[in-house]
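Copied over from TrEMBL, here are the features:
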type: COMPBIAS; residues: 330-351; note: compositional bias 'Gly residues'
type: COMPBIAS; residues: 386-399; note: compositional bias 'Low complexity'
type: DOMAIN; residues: 198-290; note: domain 'DUF6534'
type: REGION; residues: 301-356; note: region 'Disordered'
type: REGION; residues: 374-416; note: region 'Disordered'
type: REGION; residues: 448-468; note: region 'Disordered'
type: TRANSMEM; residues: 39-59; note: transmembrane segment
type: TRANSMEM; residues: 71-96; note: transmembrane segment
type: TRANSMEM; residues: 116-134; note: transmembrane segment
type: TRANSMEM; residues: 146-172; note: transmembrane segment
type: TRANSMEM; residues: 192-213; note: transmembrane segment
type: TRANSMEM; residues: 234-256; note: transmembrane segment
type: TRANSMEM; residues: 268-286; note: transmembrane segment
């Protein structure tokens, strides 16, 4: 061949490789196609995880996170990116590799042999984080310890199986496997162990989160309950990605014929996704906090309801306030109010809805200045007052805040719906506050020291407002 500049139809001059052993097209497709799918989708999922990671770095929640949590996020993302780089290298290698014999296609490259090492790093880190996060919502100490011990056993066994699987891959690449280990590697016994353990662990975390969250976040007003149900769905989704992929890998491993080489690479289509899926699960968990805070940080718009009927005016405090709170008292008259009720400093607001509003904000992690009905907010933050002091300060608070109430309506409590209850109201905050604090800490909305801070309110507070 004298020149590389050839006319169309003369490409045959580059067919210089002769006496080459080539595998059949069916065999090559069966071996390389599952691997190619795993490589491509792992790179794509890693790209999504990196985009979420960059967005998470810009949120306020990242600034609040501890150094250990930041190190966890950086490590998991770095491992997923490193595996994506390895997959890109494998794609390039097999695109240009000319040795297409059956043996060359079956034996992995050095990069392919250590793919499970990235899963061995990310899986225990993310599973341990999610397991501890779910266990912190359990109130019984012995049950919490038992749950953590069970998860620790599962994670340690999974980690050991992953390391053993990585060693098998390296020995298989070097053609140094004994007959027994070769059968174990070929028949998927060791990979099947860690796939089952990974799937069981992820499903157990999801089930635990569902059970604990359903038990703890019920009994508020409809708006708060709806948002908390959305939060629980996000928490479950964070553990469902990896469980689904691990189950697919388990199915591909044991549902395919053991003695058929055409199916030997089928599990790779799901195995190599797990590292990026664990990174995605972690970032989904952490980013969901910032998303919910952003969606629920704006106060509800002011509203002026129309004239009330006589039956509505004679409503009891229990039905006039928000559900989920015990309110007792007696009085008369219901006026109109607008959205000026959300003041933490407004003392003497005897509204059951004010307390519910504060609880909802605390559940959603909206900070200490979140508002709520005045007297309930003061009670929540531990402001002492007597019955007479509450009576005197109620009128002053309503006038200072520029309430649009008619002059004949005194400093009574304002409900979240805009209904002014002109009567003596007693609001009781029960043990539910302690459960809420535990849920906040477990879900990562609040730091642990806040529970012991001076802002902790007594379990039962009474706020009174005198009738006109």
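Just so you know, glycine gets a Cβ as well, placed from its N, Cα and C.
Of the ranges 39-59, 116-134, 268-286, the one with the most Cβ pairs under 8 Å to the transmembrane segment (234-256) is 268-286. Fewer than three CB pairs closer than 8 A are found between the transmembrane segment (71-96) and the transmembrane segment (192-213), and contact between the two stretches is not assigned (pairs 6 or more residues apart).
Counting only same-chain residues 6+ beyond the ends of the transmembrane segment (268-286), those with a CB under 8 A from a CB of the stretch are 34-35, 37-39, 41-42, 45-46, 48-49, 52-53, 56, 61-62, 65, 69, 72-73, 76-77, 79-80, 83-84, 87, 115-116, 118-119, 121-123, 125-127, 129-130, 133, 191, 195, 198, 234-235, 237-239, 241-242, 245-246, 248-249, 252, 444. As a whole-number mean, the pLDDT of the domain 'DUF6534' (198-290) in this prediction is 77.
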